[in-house]
Structure formats: C-alpha cells, structure tokens
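**Q** This is the structure I have questions about; it appears just below.
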Amino acid sequence: MVQEFIMVGFPGIQDRASKNVLLGVLLVVYLCIALGNLLIMVAFLTDPTMHTPMYILIFSLAFLDVMSSTVTLPKLLAVLGSDSGVISITACFIQMFLYGILKASEVFLLGLMAYDRYLAICKPLHYFTITNNILVWKLITCCWAFAFIIVGTPMTLTIRLPFCGPNKLVHFFCEHSAVMKLSCGYDIIAVYAGSTVSLGVMATPLFYILYSYVRILKSVFTIETSPRRLKALSTCSSHLLVIFLFYLVGAGVVITSSVPGSSADVRLMAALLHNVTPPLVNPIIYCLNTKEMKARFVKLIKTKSLFSYRH
C-alpha cells in the first residue's frame with residue numbers, strides 16, 4: 001500500500017529555471033495575500049467602531065482567504081523549491097479536508113454577506129433590530145459547521161479507498177478528484193459524492209445571492225432621488241465585485257476542465273488562479289470601496305511610520 005504521494009506540480013514546468021521564476025512570483029503573491037488580509041484583520045480588531053455586522057463579515061472573509069492560501073501555497077512553494085514533492089497520505093487528506101472546509105465556508109459567507117446587504121438596503125430602519133453582532137457571529141459559526149458536515153461526507157468515502165499505486169499526484173495540492181484518480185479501488189459513489197458536493201456548494205449560495213440582488217435592485221429603483229440611489233448601490237459594490245471575481249475564476253476552472261484536449265498545465269493554472277486571485281484582490285476591493293477601511297489603513301500606516309521614526 002502507498003504511504004505517500006509525489007506531488008508533481010505543473011507537468012510542463014519541471015526545469016530548474018522555470019521553477020525558480022514561478023517560485024519567486026508565487027512567493028511575492030503569497031506575501032501580498034498575507035499582508036493585505038492581515039491588515040484588514042488588524043484594522044478590524046484595533047478599531048471598536050468597525051465592530052458592526054458588515055465588518056465582522058469582511059473580517060471573516062479575510063481570515064478565510066489567508067487561511068485557504070496558507071493551506072496550499074506553502075507546500076507548492078516547497079515543491080517548486082526542491083526536487084521532491086513528497087507528501088504523506090495523512091498530510092494529503094488533512095490538506096484536502098481543510099481546503100474543502102475553507103472554500104465551502106467562504107461560499108456560504110458570501111451568501112451571508114448578500115443577506116446583510118439585503119437588510120441594509122431593503123430594510124434599513126429595521127436593520128439593527130433584525131441583526132446584531134452576536135447573531136452574525138452565530139451565523140458565521142453555522143457556515144463553518146455546515147461546511148464541516150458536507151465536506152466530511154465525501155472525505156469519509158475517499159479515506160477508506162485503497163491506494164496501491166501509482167502515487168504521482170498531478171496537481172499542486174491534494175485536490176479531491178486528483179487524489180481519487182490514484183485510488184486502485186474505483187468507487188463511483190465517492191466520485192459522485194465529491195462532484196455533487198462541489199456543485200451544490202458553489203450553486204446553492206449563488207442562487208440565493210442572485211435572488212437577494214434582484215430584491216435589492218427592485219428596492220433601489222424605487223428610490224426617487226439619484227444621490228440616494230447611487231449611495232445605496234455603492235454599499236453593495238464591494239460585495240458584488242468580490243462575488244463576480246470568485247465565480248469568474250471558479251467558472252474558469254470548470255471550463256478548462258470540461259474542454260476536451262486541454263492540457264494539465266492549463267487546468268492547473270486555472271485552479272491556481274482560483275486559489276490566489278480572490279484572496280489577493282479582495283483586500284484591494286474593500287480598501288478602495290470602503291471609506292472606513294481605507295481611513296483605518298491610512299491610520300495604521302501612519303502609526304507604523306511614526307513608530308519607526310521614533311525608534
């Protein structure tokens with residue numbers, strides 16, 4: 001029985017020069033992801049005026065973004081930096097499980113953020129009577145718990161499969177379908193369970209998000225004055241951009257996987273973009289489109305600069 005996998009990474013990028021270039025680029029990307037999202041988290045934690053339902057959701061999204069990148073990118077950097085991509089089966093399953101939970105939680109969180117925007121636009125007078133900080137934290141916990149349950153089901157089916165060779169994993173992390181291909185005991189139930197969960201996790205919140213924004217747009221267009229209408233739309237702009245980006249790169253993964261004859265490198269590059277693009281861009285979106293977040297960032301930077309100057 002196989003006790004470890006060999007993570008190949010990108011099959012078309014195996015020479016040392018190309019690996020070093022990709023290693024350098026991804027290292028910079030990972031540092032930017034960590035810095036941007038940690039800034040959002042620090043801004044939230046150090047400013048009590050930002051302890052509102054909307055910013056609690058933004059803080060949670062930043063936490064999920066930095067964690068999902070940390071689960072996959074450091075191992076990919078290690079694979080690119082060395083000639084060995086060895087990972088034990090146990091570590092592989094842990095990585096697969098954590099990544100699944102984090103991504104599922106992120107999708108549910110985007111749906112929860114749509115609900116928050118719906119309340120803010122359609123029921124502004126009742127917003128703080130319907131929701132509060134404690135309720136939002138409870139709903140976020142439910143997102144995590146629900147993600148744990150639905151991701152755990154196909155995982156239990158995958159773990160019990162025998163792996164007796166080959167052990168070369170053609171991917172940059174332990175993605176469920178890539179690991180399933182290495183099993184010598186093909187299980188149609190496990191395959192369909194994984195596909196059904198992935199499709200359901202992506203599609204169900206999307207339907208709710210679309211429904212919420214249909215209601216929001218109806219409410220916005222009933223507003224008589226243009227300035228109030230634009231202000232209402234601007235409160236949703238950041239969330240809409242985040243959703244569009246998340247599902248756009250997700251659609252890229254689906255399309256490249258469905259196109260006959262597409263190379264493994266193209267499919268893996270699409271998966272890599274899905275892994276790094278939202279966490280990299282989300283802090284920029286919220287910094288540019290949220291006045292309070294932008295002001296807090298500037299204050300943190302000035303405070304850091306003043307501290308450095310005094311020392």
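Yeah, the Cβs are placed from backbone N, Cα and C, and that goes for glycine too.
Keep in mind that TrEMBL annotations are predicted by a computer and have not been checked by a curator.
Since we're looking at a predicted model, the values are computed, not measured.
So TrEMBL says this about it:
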- 21-46: transmembrane segment (TRANSMEM)
- 36-286: domain 'G-protein coupled receptors family 1 profile' (DOMAIN)
- 52-73: transmembrane segment (TRANSMEM)
- 135-157: transmembrane segment (TRANSMEM)
- 189-211: transmembrane segment (TRANSMEM)
- 232-256: transmembrane segment (TRANSMEM)
- 268-289: transmembrane segment (TRANSMEM)
**Q** Please report, as numbers and ranges, the same-chain residues at least 6 past the borders of the transmembrane segment (52-73) whose CB is under 8 Å from any CB of it.
**A** 26, 29-30, 33-34, 37-38, 40-41, 44-45, 95, 98-99, 102-103, 105-106, 109-110, 112-113, 116, 120, 131-133, 135-137, 140, 172-173, 242, 275-276, 278-279, 282-283, 286, 290, 292-293
**Q** Which bits of the chain, at least 6 residues beyond where the transmembrane segment (268-289) starts or stops, bring a Cβ under 8 A of a Cβ in it?
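**A** Cβ under 8 Å, 6 or more out: 9-10, 26, 29-30, 32-33, 36-37, 39-40, 58, 61-62, 65-66, 68-69, 72-73, 170-173, 175, 234, 237-238, 241-242, 245-246, 249-250, 252-253, 255-257, 297.
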**Q** On average, what pLDDT score does this prediction assign to the domain 'G-protein coupled receptors family 1 profile' (36-286)?
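**A** For the domain 'G-protein coupled receptors family 1 profile' (36-286), the model's average pLDDT rounds to 85.
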**Q** What residues in the same chain, six or more past the boundaries of the transmembrane segment (232-256), come closer than 8 Å to it by Cβ-Cβ distance?
**A** 61, 106-107, 110, 113-114, 117, 120-121, 202, 206, 209, 213, 216, 219-220, 223, 262, 266-267, 270-271, 273-274, 277-278, 281-282, 285-286, 289-290
